[in-house]
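Trainee: My questions all concern the structure below.
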């Protein structure tokens, strides 16, 4: 089947359906792999690969979390799914809760079940300036890629919840948007509200700073940009990117932050290389409260699957396009149908603010959109563990970053449509 361009560029929507069997596919595959990184397939499925492929439904649930999908039979769309709320801590789970099997709860004698008194669990908020490495650090702690990572600031917009569990503990980490002091749009205000909410829910605060930058009063920055984080919550400062500066400079900056930042401890690390991450985890573990788990131990996030699909597409936009285009785009998964005998069908809309931005996204004869679609599809297939049929649409909604109603609908109020 050949590449198809559906709908005229003059229409409000431009759609691109992309197939492996297309004649154009091989021509731009090399460019796609460069765009995707890691030979075209970043490690979205590290945990599943370790388990031996991770293609069965049960394994996918363990990898992706509490999956909520719009299901369709024979191509028919399902009813709208509920809203997923990221506002407050859930109640602690009194059991380990590997209870996916029918009747499993009835098989457990609750009267004799004992909770490990040494088990620790709690929430950790990752906060800091844009582009200091918070998302990379979260991915390292979790052990697989949840937060998208680019070399551009303000890539993270939502609070990304990642869960790191062992029999002895459960760390629930919030990767938050970068703290900005000058809020230019309503979107900026709502992102900083997400930082505030995550921090107020936290049992520990992990402040990440860039070792390449001059030391600064991070607590003043956080109070001005988001919220006060030192209500005697244990606070760790991670001096990230230590691989980029000399050891002597690291020692000087650690000493400065230990004297002037007001945090409990400073640890130098390189999230990109993974050095110092174990030390960070050990410090966090020593400061989490005792108690049972909040979530089942076999999930890594409670975000719906389609949320991560949208994030993958948005990451590719950041990697492929320059200047204002990535920041002016919003990505929504408008339809996700799991089909037993065929590829899953995923319909994604990309919202731009101007017609000129739409033209850049599509590119000449749709080439830019084709490149974006293929790069995103490769990572989505790795993430969900099967082939998918990806449809991209580009729409224009002027000034959406100032429209509070649209921002609420897109989930920036902490409510994500599943």
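Cβ coordinates come from backbone N, Cα and C, glycine included.
I grabbed these lines from TrEMBL:
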type	residues	note
DOMAIN	120-290	domain 'Era-type G'
REGION	128-135	region 'G1'
REGION	154-158	region 'G2'
REGION	175-178	region 'G3'
REGION	240-243	region 'G4'
DOMAIN	321-398	domain 'KH type-2'
Trainee: Sort the residues of the region 'G3' (175-178) into helix, strand and coil with DSSP and give the three counts.
Mentor: 0 helix, 1 strand, 3 coil
Trainee: What counts of helix, strand and coil residues does DSSP assign across the region 'G4' (240-243)?
Mentor: 2 helix, 1 strand, 1 coil
Trainee: Over the region 'G2' (154-158), what is the model's average pLDDT?
Mentor: 78
Trainee: When secondary structure is assigned with DSSP, how many helix, strand and coil residues does the region 'G1' (128-135) contain?
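Mentor: Residue counts in helix, strand and coil order: 2 helix, 1 strand, 5 coil.
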Trainee: Please list the DSSP helix, strand and coil residue counts for the domain 'KH type-2' (321-398).
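Mentor: Going through the domain 'KH type-2' (321-398) residue by residue, I get 32 helix, 26 strand, 20 coil.
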